[in-house]
Amino acid sequence: MAFKQLLSAVTLALAASAASVTRRATCPDGTQLMNAECCALLAVRDDLQNNMFNNECGDEAHEALRLTFHDAIAISPAMEATGQFGGGGADGSIMIFSDIETKFHPNIGLDEVVESFRPFQQRSGMGVADFIQFSGAVGTSNCPGAPTLNAFIGRKDATQAAPDGLVPEPFHDVNTILARFNDAGDFDELETVWFLIAHSVAAQNDIDPAVSHAPFDSTPSVMDGQFFIETQLRGVEFIGSGGIEGVAESPVKGEFRLMSDQQIARDNRTACEWQSFGTDQAKLQNRFQFIFEAMGQLGTDPTTLIDCSDVLPVPPPLSTVPHFPAGITINDVEPACAETPFPTLPTDPGPATAVAAVPRD
């Protein structure tokens, strides 16, 4: 609770400060920003957009967002209370100590991601912790429907690796996952669901290599509610090898489902919040904007950070509407929210949907 109270206070203070300040810094290229310290990030942004993301919400943008979470969530006040080192949160340790942390089971595949981003970080002039969170925000700005995220600089880089066991796994049960988020930042069950909005623009690469880059929903390049709709559909078959721990049956050909997502979508503590994101895009954007900021401040003193949010591009608008994939109807839904009926949605016309893998950049 203390962390979230501090975050709320800092957010209000920043908003009040921004409203009262009329003078803005002018960067060497003529761009005006709220803080002069952020001018150097303009070149970093452009380098990432032009040479890594190609201004697209593709594989590299997805991985950049994944990296922000796997770095930041590795913090445990409960471990600290017992005299153990509990990790530093958003401190860049997953890149600084990549030889250790990318060997942790939940970080499988991130060794290649870290190395692909390392040259960008090295020429950016940014600290590693700041770079990881900034690159995730820049990449997500390419996703239609995403909110304009916040970007802050001034974090302290890690001096030791985070301990293993702090990143949730797809085979963990709901109680374990909720406890992990609560320990990391006093996040409750609803806020845990907010983190999973990131799965709207995501795919798996290494859980089942037989179907590498299989997305979690039918619109992986768009941050919309389809992930929340489609995870509530009845699974009918494994799209890959089958029998892999943490993998559930999928409702749509080509779509990958994590067991953890399936269970959280159906748990009575989280099901109604989950269902709400299927049709409420404004809420989805608002909650993800908040939780991304909160995540990026784990392990930091937010009062020491500099707001560089105005460096970030504005995401493209959403052009899709909530729907069932072709071949799916309301009869395929496994409703789990006792408070609100599952919404009535149109079904896409044509033959049954088959979802393509996310193209490799």
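These residue numbers are counts, starting from 1, taken along the chain as shown.
Glycine too: its Cβ is placed from the backbone N, Cα and C atoms.
The shown structure was predicted, so the numbers you read here are calculated from the model rather than taken from an experiment.
Some features that Swiss-Prot has for this protein:
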| type | residues | note |
| --- | --- | --- |
| SIGNAL | 1-20 | signal peptide |
| SITE | ARG66 | site 'Transition state stabilizer' |
| ACT_SITE | HIS70 | active site, proton acceptor |
| BINDING | ASP71, GLY89, ASP91, SER93 | Ca(2+) 1 binding site |
| BINDING | HIS199 | heme b binding site |
| BINDING | SER200, ASP217, THR219, VAL222, ASP224 | Ca(2+) 2 binding site |
| CARBOHYD | ASN268 | N-linked glycosylation site |
| REGION | 341-361 | region 'Disordered' |
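Annotated features taken from Swiss-Prot, shown on the structure.
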residue : record                             : DSSP class
ARG66   : site 'Transition state stabilizer' : helix
GLY89   : Ca(2+) 1 binding site              : coil
HIS199  : heme b binding site                : helix
THR219  : Ca(2+) 2 binding site              : coil
ASN268  : N-linked glycosylation site        : coil
SER93 (Ca(2+) 1 binding site): tally of other CB atoms within 10 A of its CB: 27
Nonlocal residues around ASP91 (Ca(2+) 1 binding site), in sequence order (Cβ under 8 Å, 6 or more apart): ASP71, ALA129, ARG155, LYS156, ASP157, ALA158, ALA162, GLY299
Proximal residue to SER200 (Ca(2+) 2 binding site) among recorded positions ARG66, HIS70, GLY89, SER93, ASN268 (C-alpha distance): ARG66
Spatial neighbour of SER93 (Ca(2+) 1 binding site) that is closest, considering only the recorded positions ARG66, HIS70, HIS199, ASP217, ASN268 and their CA atoms: HIS70
Top Cα neighbour of VAL222 (Ca(2+) 2 binding site) in the set of recorded positions GLY89, HIS199, ASN268: HIS199
Recorded positions: SER200, THR219, ASN268 - member with fewest neighbouring CB atoms within 10 Å: ASN268
Separation of alpha carbons, ARG66 (site 'Transition state stabilizer') and ASP217 (Ca(2+) 2 binding site) (Å): 16
For HIS70 (active site, proton acceptor), the number of other Cβ atoms found within 10 Å of its own Cβ: 22
Rounded to the nearest Å - Cα separation of ASP224 (Ca(2+) 2 binding site) and ARG66 (site 'Transition state stabilizer'): 17
Distance, ASN268 (N-linked glycosylation site) to GLY89 (Ca(2+) 1 binding site) (CA atoms, angstrom): 29
Three-state secondary structure, ASP71 (Ca(2+) 1 binding site) (per DSSP): helix
Fewest-neighbour residue among binding-site residues, criterion Cβ within 10 Å, set ASP71, ASP217, ASP224: ASP217
Cα separation, THR219 (Ca(2+) 2 binding site) to HIS199 (heme b binding site) (Å, whole number): 11
Cβ atoms near GLY89 (Ca(2+) 1 binding site) (within 10 Å, other residues, all chains): 27
Which same-chain residues, if any, lie at least 6 apart from ARG66 (site 'Transition state stabilizer') yet have Cβ under 8 Å of it: LEU110, VAL113, ALA198, ALA202
